[in-house]
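Encoded as C-alpha cells, the structure appears first; notes follow it.
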Amino acid sequence: DGAAADGADAATPDAQTPDAAHDTQGAASSTSTATAAATTTATATTTTGVPETALGRALATRRGRAATILLGLAIGGGYILLRALDMMGGLFRVNQSYDNVFHLNAVRHILRLGDGSAWTVGGMTTLPGEETFYPALWHQTVSLVVQLSGQDIVLASNLVMLLLGTTVWPLALMALVRTGTNAGPAGWLAAGALAGVASDFPLKMMSWGVLLPYLYSLAMMPLVLMLIVHLVRLAPDGEQRLTGGQLGVLIPAVFGAVALAHPQGVFVALVMGVPMMVWAVLATATDLVRRRPRAGIRLAVLVPLTALVIVVGHDIWYRFRPVEASAAVWGPSASTQEAIGQVLTLVPHASPIWLPLGVILALCALAVLIGSRSRWLLPAFLAAGALSVAVRSLPVDDLRYELTGNWYSDNNRITVMLATAAVPLLAVGLDVLLRWAARLLPVLRGTAGAVLAVALCLAIIAVGHFSPSTEASRWYLEREWRNDNLLSDDERALLLMLPEVVPEDAVIATNAWNGSSLAYAISDREVLNTFMSFQAEDEVHLLNGHLDDAQSDPEVCDAAEDLGVDYALDFGPKEIHGRSATYTGLNEISETGAAEVVLQVGDAKLLRMLPCRGTDGSMNG
C-alpha cells in the first residue's frame, strides 16, 4: 500500500513536491524495499534482505490497514468520549447554555412542519414572510435521527454531538494523514489517537455556546484540507491519491457540507487552505527551476487557481462577516508573549502554558520540516496559530476586527481551529521520528516498533491530559452541563409530564430565559416564545409583560384568546446569564387569579388560564 512510498519519503527528505518523487523514482525503486523497513509499524524487508516480519505482512494487508485505523479511532475517540461523558454527567443531560434553547427547539420546528430548509429554521424566530437563512445541517441531521430512532430530541442531539467528536473528527484526521501525507501506519494511528490532545477541540464546542453547528463544520475540516492537498497535488503518489473524478464529486459535497453546517467553517478553510495553496505554488516554482518534469504545466494551473481562490475568498471574507459592533463583545485575554506560548503549547485561551506539550510539538514540527515532504502542514499551522495569537492578544480596535471579526472576534471560535492543523503535524512528525529511531535500532522494525508507536501516543495524550490547562478547563466545560441555570431536574420532569395534561393543539406561555420554552422541544407543545431573541406580533410582547393581568385587563384577555394561549409555565424568576424575571407577565400569574396550577413538580408549575372578560364584554376561555 504505502510502505514503499513512505520509505522513499524518509530517504529523500529534501523533496518538495510529488514531482520530486517522480524524478527520483528510478533511484528510489531500488531502495524502496529496504527503506520501507524503517517504517515502525509496517516493515516490508530489512536492509540486509531478511524476510519481512509477520507484523509487516499483517499490516500490509487491507485488514491490517483497517486494524491500524480502528485502533487509532478507538484510542482517540475513546479518550474524547470518556472526557465528554465526564463533562456532561450523562447521555440524557440538557446543556444549560443560551444557544441550546434554539438548537433543540429548531429540531422540533423541523419535525412539526415537516420541512428542514434553512429558511424554515431561520423563520422559527421571525415574523411570517420575514424568514432568514440559518445554517441548518445540524438540525436536519438531528431531526433525521429522531425520526429514524424514535428517541427524544435531547438524547438524539447528544448522540449526534458525541458521534461528531468521537468518530467523524478522528476519522477525518486519519483520512487527511492517510491520503495527504507520506506517513506510514504509525502516522495514521497517531492522527486518530491524538484527536483529543488539544483540549480546546472538540470538547469546548460541545460545551460553550453551545456551538453545535460549528462543531459539525470543524469536525469535517480535515477533509477540506485533504481535498485541497489533492487538488494542488501536494498529496503523494499512490493508490490513495484521489482522481480528478473523485475530486469533482467530493469537493462540492464536502465544502458544501462544511458551509451548510456553519458558514464560519468557510473562513477557517480560507485561513488554512490559502497558505497551503501558496506553498504549492512556491514548491512547484522551485521544481520548475530544477527542471522537474511537468512542473511548468502544473504551475500554469496552480497560479490562476490560487489567484482565483484568493480573489473569491477576499470577497467572501468581507461580504459575509458580521458588523464591527457585534465583534467587539470579546476582548483579549493574554499578552502577545503569553498568546504565542499558549498557541505553541496547544492550550485554550486564558490558560497556563504547558511546556512539555510544546516541546513535543516543536520536535514533531522539526521532524516534518527535515524528514517529510508534507511540509505544507507548517504554513497551515502557522496561519491558524497567527490568528489565534491575534484574537488572544490584540486590543479591541480595527486591526482586531479585520483579522478576527468574521468570528465575532470570539476567542472560543478561533482558538479551536488550531487542532485541525496541530494534530496532523504531531502525527506526521511522530511518524518521521519513529522511522529515524527504527534506522538506529533494528528491533523497532517489528512488533516492538508498533508497541512503541502506541505507547508514545498514549504518553502524549497523558502529557496533555495532566496539564494545568486541562484541569482548569474541566470546571469550565462542566459548568454548562452540570448546573441548573437553564433547566432544573424538577423543571425537566414537569416538561416530560406535560403531554399527559396539555392537549396537542394548546399554546403555552413560556419564558425562554428560564428554560420553560424547552416545552417545545421536550414536550412537543407549541410555546409562545421559542428563543430569547425573536420577532413577534405586538400581542406576544403584550402577553410576555402582562399575562398575569388577564383578569383585570381586557386587552390582555383578548390577546390570549387570539393567540390561543391556554396554559403558562412558571419556572420562577431565575434565568441564565444572571438575568431575573425578564417576562414580568409570568412572574405572579398564579397569584393574580389569571391562572390556576394544574401540575407542579418542586417549584416548577404548569398553570391553566382561567376565563377572562374581553374588550367586548364577553367571556373568553
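Just so it is clear, glycine is given a Cβ too, placed from its N, Cα and C backbone atoms.
According to TrEMBL, the feature region 'Disordered' maps to 1-49.
Taken from TrEMBL, the feature transmembrane segment applies to 66-85 (among others).
Taken from TrEMBL, the feature transmembrane segment covers 153-176 (among others).
Here TrEMBL flags 214-232 (among others) as transmembrane segment.
As annotated by TrEMBL, transmembrane segment applies to 244-261 (among others).
Residues or ranges marked as transmembrane segment by TrEMBL: 267-285 (among others).
Listed by sequence, the residues of this chain that lie at least six past the ends of the transmembrane segment (297-317) yet keep a Cβ under 8 A from its Cβ atoms are 19, 231-233, 266-267, 270, 273-274, 277-278, 280-281, 284-285, 287-288, 406. Per TrEMBL, transmembrane segment is recorded for 297-317 (among others).
The transmembrane segment annotation in TrEMBL covers 353-370 (among others).
Sequence annotations record features per position, and here TrEMBL assigns transmembrane segment to 377-394 (among others). Long-range contacts of the transmembrane segment (377-394) within its own chain (CB-CB distance under 8 A, at least 6 residues past either end) are made by residues 181, 225, 271-276, 278-279, 330, 332-336, 338-340, 342-344, 349, 365, 368-369, 400, 403-404, 407, 409-411, 414-415, 417-418, 420-422, 424-425, 428.
Taking Cβ pairs closer than 8 Å, the transmembrane segment (414-434) reaches residues 6, 10, 40-41, 173, 176-177, 180-181, 183-184, 186-188, 190-191, 194-195, 197-198, 200-202, 204-205, 218, 221-222, 225, 268, 271-272, 343, 346, 348-349, 360-361, 363-368, 370-372, 374, 377-378, 380-381, 383-385, 387-388, 391-392, 404, 407, 444, 449, 452-453, 456-457, 460 in its own chain, all 6 or more past its ends. Feature annotation from TrEMBL assigns transmembrane segment to 414-434 (among others).
For 446-466 (among others), the entry in TrEMBL reads transmembrane segment.
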Among 153-176, 267-285, 353-370, the stretch with the most Cβ pairs under 8 Å to the transmembrane segment (214-232) is 153-176
Residues sitting near the transmembrane segment (244-261): Cβ under 8 Å, six or more positions beyond its termini, same chain?
-> 118, 135-138, 213-214, 216-217, 220-221, 223-224, 227, 230-231, 269
